Structure formats: structure tokens, C-alpha cells
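Asker: Take a look at this one; I'll ask things after.
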Amino acid sequence: MPVLQIRKIGDPVLRSKAKPVTEITKKTLSLIDNMVETMYQAEGVGLAAPQVGVSKRIIVVDTGEGQGLIELINPEIIETEGKDIMEEGCLSVPGQTGKVIRASKVTVKGLNRGGKEVRIRAEGFLARAFQHEIDHLNGILFIDKVVRIGEEMI
């Protein structure tokens, strides 16, 4: 599986809303496999298709917290709960981090690689990773959400 080039801030694909996957083909599955390989090679915890130059609604996540690899097609957040602030970084924004307020718990709905709908209830770091990657599908980068001094009261 080839490792894909990770697009960096300034690339227009990172600021575009990704298109839904309408059919899961061999090409789709190959893209997912290559995204997984790229994420692990880059030592990331998540990757969205736009980060490798593909404007499709696909994410892969593995926070290393024991839940294993999660691959989602057309993911969407359907429920949120609570708020939390935490430092974030991004493979597409190298060398920069910042504190971001996000929901502490989320329920995410999407399709697995077999086309079956799945719902995942996540909290903590996994919930944050889902929100970060789904933001990528909407052309949003974490730096757009970094809190400024005085905004940290949640």
C-alpha cells in the first residue's frame, strides 16, 4: 500500500467541503487502506480524505487507547454532550498546536467499509479525534477554533 502525501495548510482541498461517498468501490476501499497506512506512517491518530488530496467524506481514526482502528464513510456527528478544552495538533498544520474547546462526548454515525451503518458513542480523546477529522470534511482546521486568552472558561 502506498503512503500518500499529506496536504499542508494552504492547499485549497483542506478548505473545501468534501463530497459524500455515493458508492463503496474497490477504489474507495483502496483509498481507505492507503489512508490507514499513511496515518500510521505519520504517527497520527486520525486522517481525513481531504488531507491526502481526496475530497470525499472518509475518515480513519486510531487513538491508541484500545478501541482499535475505526474507518468511517460519510460520518456525521448526531449528538454531543459537555465541553472540554485540550491541546490539539494536525498533520496538515505541522509544528503548530493550540487549545480547542470541543464536546466531551459525541455520537457519530457513518458507514463501515462494508456499507453497514454504524453508530459510535465516544468520549474523551476519541470524541475529540472524531470532531477534528469531521471538521476536515467541512473545510475546517483546528487553528480556526483555537481559543484566545480569556476564552478558556468553559
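Glycine residues also receive a Cβ, built from the backbone N, Cα and C atoms like all the rest.
Not my notes, these are from Swiss-Prot:
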type	residues	note
ACT_SITE	Glu133	active site
BINDING	Cys90, His132, His136	Fe cation binding site
Asker: If I take the alpha carbons of Cys90 (Fe cation binding site) and the residue listed as 'active site', what is the distance between them in whole Å?
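Answerer: It is 10 Å, counting Cα to Cα.
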Asker: Residues other than Cys90, His132, His136 within 8 Å, Cβ to Cβ centroid, of the Fe cation site?
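Answerer: Going along the sequence, the neighbours come out as Gly46, Ala48, Gln51, Glu88, Leu91, Ser92, Glu133, Asp135, Leu141, Phe142.
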